[in-house]
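> Right, I'll just put the structure down here and ask away after.
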């Protein structure tokens with residue numbers, strides 16, 4: 001497979017309307033899981049001028065104040081005043097959530113938890129590479145960090161004219177499959193009307209971009225496109241409608257790896273769209289961290305109501321130190337990829353999903369209760385089994 005000469009990935013801020021929708025959906029999921037760990041949740045959100053619309057299917061014993069969760073989330077993102085075009089305290093909240101079909105439940109639920117079937121058919125991918133210290137592709141990793149930096153400076157008041165909505169796009173040049181220089185950065189950020197474009201561009205380059213991207217990656221021809229359309233005062237849900245699940249490439253690997261098509265936010269762990277994609281990252285990251293390959297993509301697939309994956313495939317892009325067949329064998333031996341096995345292996349029945357809903361689901365610090373799929377606790381077992 002020919003390597004890319006350049007590669008580009010984008011990210012968006014927590015104040016981007018699609019990410020607002022993701023965070024609201026996951027905040028509702030978290031609130032439900034706090035009271036009912038085994039709830040079935042599929043929560044979709046739409047945000048547009050003055051309104052948040054909720055829809056989906058939820059089956060739970062939890063009794064939560066959905067409207068309060070929505071308002072707290074919107075205000076927490078930074079849309080807390082009408083001057084910003086959206087106010088979490090006064091926006092309309094329209095709730096159209098129903099119950100999950102019993103036909104789905106009968107296909108998923110089992111007497112023995114380990115026999116729990118997949119919540120739907122589908123295919124999911126996981127990926128890892130040695131491009132960065134978090135074993136993620138460089139373009140998406142740095143695009144996320146730029147958006148985190150924008151939010152940090154906005155929240156701290158260091159750049160008080162910043163507003164919540166923003167986007168980044170990063171292009172790296174590659175040689176021999178490794179990023180060697182920064183070709184271009186695009187960064188658009190919502191702002192107060194008083195700031196001049198000259199002030200904004202200087203601040204974005206000096207305070208957001210340069211502290212994040214390593215100095216050695218810049219070169220004389222690096223291009224900076226800062227708010228290239230000029231003014232960006234009208235943003236968030238006023239500028240664009242936001243929907244849950246519309247940033248699936250931002251959420252994963254920035255286009256560097258394939259995607260099965262299923263979104264994450266608003267879905268409980270019984271939905272393999274989410275849990276199996278997390279497991280795929282866990283598997284791929286441990287394979288790369290163990291030195292079995294420098295780059296790894298895994299595909300898993302499921303049938304609704306069936307526990308065992310219908311397929312497991314591995315692609316190491318010619319970087320493996322052992323055969324791909326052996327790696328697949330080790331995956332089957334060391335990782336339980338049944339839906340219940342994934343939930344248990346990664347401790348997924350936790351109210352921790354809202355923090356995944358902005359700045360990427362992968363390549364972030366792992367802990368006992370969040371981003372557990374970033375752990376590399378299978379490394380020694382894989383090394384020993386592979387004879388490395």
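The backbone N, Cα and C atoms fix where each Cβ goes, glycine too.
Found this in Swiss-Prot, in case it helps:
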type	residues	note
BINDING	16, 165, 166, 167, 240, 246, 247, 263, 267	ATP binding site
BINDING	18	Mg(2+) binding site
BINDING	44	K(+) binding site
BINDING	57, 100, 240, 271	L-methionine binding site
REGION	100-110	region 'Flexible loop'
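Tell me about the surroundings of these features in the structure.
Just so you know, the Cβ of residue 267 (ATP binding site) picks up 27 other Cβ atoms within 10 Å once every protein chain is counted.
In the three-state DSSP scheme, residue 18 (Mg(2+) binding site) falls into the helix class. For residue 18 (Mg(2+) binding site), the Cβ neighbour count at a 10 Å cut-off comes to 22, with all displayed protein chains included.
DSSP classifies residue 44 (K(+) binding site) as strand under the three-state reduction. Over all protein chains present, the Cβ of residue 44 (K(+) binding site) has 21 other Cβ atoms lying within 10 Å.
Mapped onto three states, the DSSP output places residue 240 (ATP binding site) in coil. In this view, residue 240 (ATP binding site) is surrounded by 15 other Cβ atoms within 10 Å of its Cβ, with every protein chain counted.
A mean pLDDT of 60 is what the model gives for the region 'Flexible loop' (100-110).
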> Can you tell me the three-state DSSP label for residue 166 (ATP binding site)?
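Assignment for residue 166 (ATP binding site) reads strand.
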> Where the record says 16, 165, 166, 167, 240, 246, 247, 263, 267 bind ATP, what is the longest distance in Å from one Cα to another among those residues?
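Spelled out: the longest distance between any two Cα atoms in 16, 165, 166, 167, 240, 246, 247, 263, 267 is 25 Å.
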> Which secondary structure state does DSSP assign to residue 267 (ATP binding site), in the simple three-class scheme?
strand
> Quick one: among the binding-site residues 16, 247, which has the most Cβ atoms sitting within 10 Å of its own Cβ?
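Of the binding-site residues 16, 247, the most buried by Cβ count within 10 Å is 16.
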> Starting from the Cα of residue 240 (ATP binding site), work out which of the binding-site residues (18, 44, 57, 271) are within 10 Å.
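Final answer, ordered: 18.
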